[in-house]
Structure formats: C-alpha cells, structure tokens
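In what follows, a structure is listed as structure tokens, so that the remarks can point back to it.
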Amino acid sequence: MERQKSVWPIQREVVSMENIVVVGSINMDFVCYIRKLPLPGETVQSYKTETKSGGKGANQAVAAALSGGKVTLVGAVGNDFYSRDIVSGLKSFQVNTDRILWKDSDIGTAFIAVDESGQNSIVLSEGANGCLTVEDLVILPELFAESSVLLVQNEIPWNCTRFALEAAKQQGIQTYVNPAPALAIPEEVFPLIDVLILNESEAEYITSVKLNEDLSNVKQAASQILASGVREVIVTLGENGSFYMNKEEEVIFTPAFSVNTVDTTAAGDTFIGSLIVARQQGLAIRDALQQASAASAIAVSRAGAQESIPTADEVHLFLNNNKAGN
C-alpha cells in the first residue's frame, strides 16, 4: 500500500518577518576526515583535510537565513585573511554582518575530526570570540527594537551571553539558548530562557540526570529544567529524533528521518535555525519540529558545516518525499 504523504508548500509568503538576532561565535573550521576517532595517546592518519567557515553562532545564523529568516549576527572576527573570507561568505548567505566586530586577534578556530560514520570530535580555540565584551553589545537594545528573537550559545564569554539575555528580557524578546559547549547555568539565569535546545550530553551535564539507553528518563531531565524557570525544552537525540516538553507538560517526540550520515557537524545548528524560522512563520510546534528534523537530516547527509545546510525549498521538497522514521 502506498503511504500517504503530507504536501508541504515549496514557498510560503512571509509578511513583515521580524529580525532574529544571533549573538555568538564565528570560527574557521579545520576538518580532518579519518577512519575512526583516535583513542587517548593514539595517532591516526587523515585521508582528507579541509578548511570551512563555522562557529555555532555563524552556523545557526546561516541556517535561519537559508530557512527564510531575516538574521543579524553579532560576533567578533580577527584581523586575518580567514576573517575577511568568512564575513564575505556570511553575506552570501544573506546574513546581516553589519554588527560583526573586527578585533586585533586571530579568528576563532575549531579543529574537527570526522570518522567514517559521520560522528565528530571538536576542539575549540576561542580567538576573536574571546575578545567580545559587554561594551560591544550596547547596540543590542537598538537591534531588539525591530526583532522578535534572540539566539545565543556558549562559545563567547559568558558575561556577554548573560548580558544579551537580560537585555532581551527587558524588551520582551523571545530567547532561545543552545548551551553548547555545556556550562553550568546559574539558577537566576534559567527564567531568562524561553526555549532551551540541547543535546543528550548537555542535558546530562546541566541536570546530572544520566539518560538511559532507551531514553526513558529524558522527561525527567526536561522536567528538572522546566522547574528552573525555562518555558520550553527540546532535547535533540541524534538518530533517535528529538524530545519536546513545555511548562504545560505538553510532550512531543519527533522521530528522525533515515538518511545516509556523512557528517554531523552542523546537525544541531541546522535544527535550531530551521526551528526558529518555522515558528516565526506561524507553524505549530509539532510541524516546526518536523521541519527542523528534516533540515537536520539533509545537513548530516552532506559534508561540512555551513555548506551542508539546506535551503527552505530543499527542506520542503524533502518533506514531500520522505516520512520521519523511514
């Protein structure tokens, strides 16, 4: 029997889309493709090495822009030629780079090892990202006046992230936080977060709840976060999909799409950018989660970070031809 498919529109008209402000990292990624990730003390040979634009802030900004969002990226780059190329690339993705600061430093870097299954290990060097200061962010109230969403991560100094969250809350801006890499979040900061999007290891770090292999206690971890003052929690579970829960205890499990995994580097970043724009465009949370899952599935089927992120048209075509869990 031929399964029925939901038909997703190839394009949606978006009326007066409000700005998404991303405050986050901008990196140059040095990617080594290897047969298997090395054990401690082990040396392995790379069969291919590439340099690519990255950084969670930049990746999530690109994902939102390619999904149809109007995006301004606030961050810092250095005085090297990598920085010039990266900013030029962001512009080509229609990300507003007017608020990127140029620091007397090197660009932030990420050293990424990707094995044959597409799994990765990442080492960060903050570079110019670490030079960002609270004083650099005094422009945020001006940006928030014409924005509806703030998105932050954990790859810039924490005092900058906290300042951005506090400024957003003062102006009634919805806040999305991706706590990667995992850091302890002060208790008084949780109420500043509307939507917390994190993976399994980050959920375990923040809650101290060791997730079972069958993920039967992911709700326990999410409930603990919600009790701290967050309004919505999304735990991304890789090939197992994602888990959503809100303050009203609505729970949604979204299965992953089955694809050939090539590189998972930008999977979470793609999911986040796509989800935010889908919700801005008026999709119900269940449909927004499915759209984000589809975008992430496309991204992991391609090599690279920003190069792997799909456009809105690609995501809609994918949804018309695929069903989650199959």
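Keep in mind that glycine also has a Cβ here, set from the backbone N, Cα and C atoms.
Feature annotations, courtesy of TrEMBL:
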type     : residues                                                               : note
DOMAIN   : 17-311                                                                 : domain 'Carbohydrate kinase PfkB'
BINDING  : ASN27, MET28, ASP29, GLY55, LYS56, GLY57, ALA58, ASN59, GLU155, ASP269 : substrate binding site
BINDING  : ASN199, THR236, LEU237, GLY238, GLU239, ASN240, GLY241, GLY268, ASP269 : ATP binding site
BINDING  : ASP263, THR265, ALA299, ARG302, GLY304, SER308                         : K(+) binding site
ACT_SITE : ASP269                                                                 : active site, proton acceptor
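The two recorded residues ARG302 (K(+) binding site) and LEU237 (ATP binding site) have their Cα atoms spaced 19 Å from each other. For LYS56 (substrate binding site), the same-chain residues lying six or more positions away in sequence with a CB closer than 8 A to its CB are GLY24, SER25, GLN153, GLU155, ASN178, ALA180, ASP269.
A mean pLDDT of 95 is what the model gives for the domain 'Carbohydrate kinase PfkB' (17-311). Other residues of the same chain near the K(+) site, with their Cβ within 8 Å of the Cβ centroid of ASP263, THR265, ALA299, ARG302, GLY304, SER308, are VAL262, THR264, ALA266, ALA267, VAL300, SER301, ALA303, ALA305, GLU307, ILE309. Within 8 Å of the Cβ centroid of the substrate site, not counting the listed residues ASN27, MET28, ASP29, GLY55, LYS56, GLY57, ALA58, ASN59, GLU155, ASP269, the chain contributes GLY24, SER25, ILE26, SER53, GLY54, GLY108, ALA110, ALA305.
Other Cβ atoms within 10 Å of the Cβ of ASP269 (ATP binding site) number 30 in total over all chains. Counting other CB atoms no more than 10 Å from each candidate's CB, the binding-site residues ASN27, ASN199, SER308 peak at ASN27. Comparing the binding-site residues ALA58, LEU237, ALA299 on other C-beta atoms within 10 angstroms of each C-beta gives the minimum for LEU237. Counting only residues at least six positions away in the same chain, the Cβ atoms of VAL114, GLY118, ASN120, VAL300, ARG302, ALA303, GLY304, SER308 sit under 8 Å from the Cβ of ASP263 (K(+) binding site). LYS56 (substrate binding site) falls within a helical segment according to DSSP. Distance from the CA of ALA299 (K(+) binding site) to the CA of GLU239 (ATP binding site) is 13 Å.
For the binding-site residues ASP29, GLY241, the largest tally of other C-beta atoms within 10 A is found at ASP29.
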